[in-house]
Amino acid sequence: MEQQQNSYDENQIQVLEGLEAVRKRPGMYIGSTNSKGLHHLVWEIVDNSIDEALAGYCTDINIQIEKDNSITVVDNGRGIPVGIHEKMGRPAVEVIMTVLHAGGKFDGSGYKVSGGLHGVGASVVNALSTELDVTVHRDGKIHRQTYKRGVPVTDLEIIGETDHTGTTTHFVPDPEIFSETTEYDYDLLANRVRELAFLTKGVNITIEDKREGQERKNEYHYEGGIKSYVEYLNRSKEVVHEEPIYIEGEKDGITVEVALQYNDSYTSNIYSFTNNINTYEGGTHEAGFKTGLTRVINDYARKKGLIKENDPNLSGDDVREGLTAIISIKHPDPQFEGQTKTKLGNSEARTITDTLFSTAMETFMLENPDAAKKIVDKGLMAARARMAAKKARELTRRKSALEISNLPGKLADCSSKDPSISELYIVEGDSAGGSAKQGRDRHFQAILPLRGKILNVEKARLDKILSNNEVRSMITALGTGIGEDFNLEKARYHKVVIMTDADVDGAHIRTLLLTFFYRYMRQIIENGYVYIAQPPLYKVQQGKRVEYAYNDKELEELLKTLPQTPKPGLQRYKGLGEMNATQLWETTMDPSSRTLLQVTLEDAMDADETFEMLMGDKVEPRRNFIEANARYVKNLDI
């Protein structure tokens, strides 16, 4: 963390516009007013403290969920300026807390780089809180001011003397705005806190839950920064080279940090950040890194004779197989684009990342020939598998061209050709598949029965995956292609429903299918196309009356409502095959009465770790997970 000019005072605070609009249209400022928006408030305040840390003035940040679900954030930075603001005639801290776009981030003299737009954060949080209290330790005095829904209810008061500096912000989210929930999720906050600690080398971040019955505390501090992050992400994988490669450089005011390490898996995980903001959609910095990596590895392999003269170069996918990498850049003027504004658009970031990374990576490969050879060998194996997969794909295409219909024989397709209303049910077992085919609405519902369990794609390369019949049937039915051939626009169905039995085998098949979709068709999950059917667990019959219960709690409630006599008959479904076509339609497939769970992707890093832990080669992480969670099991299927 570097020291910068210590001229962070009231004159650096620029004012752009008023606050009234925030309460009317909160979604424009924090994305939404659901749980996501609620948690966003915390980051708006924490980002201010992180900016102080990046500038070299803050070493400790403390986040507390109070007993009443309010939030307190404490840092030991310089303290928000308290002098009178020249243009506004009010204390600078009040301007920051009550005026939108007032902050020390706009003309570059307060901070070189910053994450969220400073001051947008504080004032928006203030506007969306029933109460906000700010305490500033600065210039030997303790200053305090209180606000209600964005309006100051006290002047800035001096309440004591101090021998240190820093800012404490306490806020209570407004239930009128956050009508869905004002309940904070500790794990969600702790995950992001850990990420921020990795990205801000050396800073000490503590998070504490003070709510009754939920008390816990975590402290995060990583001297290794993103190098430690890569080690953390690879902790349950077999690594190809012991030490992660770490590269840092600066050019034209842009700082680039890259850490990478190869493991023995078949997928790559690259996470990129700009000013600590996760650029989920990638961008120019990520593109520069990928270009540089492919070029450096191919150049090295040719110089050392590991790729023969007439052989083609390794592709980008080849050199990235089994790669875990973090790219973190600090940019004074980042331009974000893409659907969710999480894609970096600055063209200079591509060139600078490529140049700085390539130079250092070349040096690493020359100085570490053993690790370099292992990296090249992994790429060569990936290339061979890619060629085999290409042949398998071509074979599939050739077969398709020779057949009258190129759709799998067991697929009962729907008559509609409109993907936006079409649904594909992937059903466990032929018997349930038969009932589903009879019970469905043929106009928009297609059925694809699966025989047995599909291949665990976490442990296999693409060539092996493509030789598996069940996987091939799914790929052909969905129409999107997979991997580098994937094209979402070719999807034949906008609802893909996984329908399996409610037992352990059904859960296993569901996990295998989700692993396949996540690894090779991630966009169908990201775009909300994947659903899980909820077949009932019980059938309750009393005379001619038939009711269904989807879990034990529902069954309990249902039995309470029924008369004592005659005694109701109870059937627990062991599998989908026990239901006839009509029952399956009424309970699980009829859009007017069914329950579907949509599969969403909140945190790619978390999802990746979960699939690796559940489906990967290492047994130890799975055993640890089972030991830690065994006490929560309600239904044990032995």
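Glycine is no exception: its Cβ is also placed from the backbone N, Cα and C atoms.
Taken from Swiss-Prot, the feature Mg(2+) 1 binding site applies to GLU428, ASP501, supported by sequence analysis. The annotation Mg(2+) 2 binding site is assigned in Swiss-Prot to ASP501, ASP503. Per Swiss-Prot, the feature domain 'Toprim' maps to 422-536. The annotation site 'Interaction with DNA' is assigned in Swiss-Prot to LYS453, ASN456 on the grounds of sequence analysis.
Positions of the features from Swiss-Prot, shown on the structure.
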{"residue": "GLU428", "record": "Mg(2+) 1 binding site", "Cβ within 10 Å": "26"}
{"residue": "LYS453", "record": "site 'Interaction with DNA'", "Cβ within 10 Å": "14"}
{"residue": "ASN456", "record": "site 'Interaction with DNA'", "Cβ within 10 Å": "16"}
{"residue": "ASP501", "record": "Mg(2+) 1 binding site", "Cβ within 10 Å": "21"}
{"residue": "ASP503", "record": "Mg(2+) 2 binding site", "Cβ within 10 Å": "14"}
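The two recorded residues GLU428 (Mg(2+) 1 binding site) and ASN456 (site 'Interaction with DNA') have their Cα atoms spaced 16 Å from each other.
Mapped onto three states, the DSSP output places LYS453 (site 'Interaction with DNA') in coil. Annotation note: GLU428 (Mg(2+) 1 binding site) sits in a strand segment as assigned by DSSP. ASP501 (Mg(2+) 1 binding site) carries neither a helix nor a strand DSSP state and counts as coil. Each residue in the domain 'Toprim' (422-536) gets a DSSP state, and the totals come to 56 helix, 21 strand, 38 coil. Here ASN456 (site 'Interaction with DNA') is positioned 19 angstrom away from ASP501 (Mg(2+) 1 binding site), judged by their C-alpha atoms. Residue pair ASP503 (Mg(2+) 2 binding site) / LYS453 (site 'Interaction with DNA') shows a Cα separation of 14 Å.
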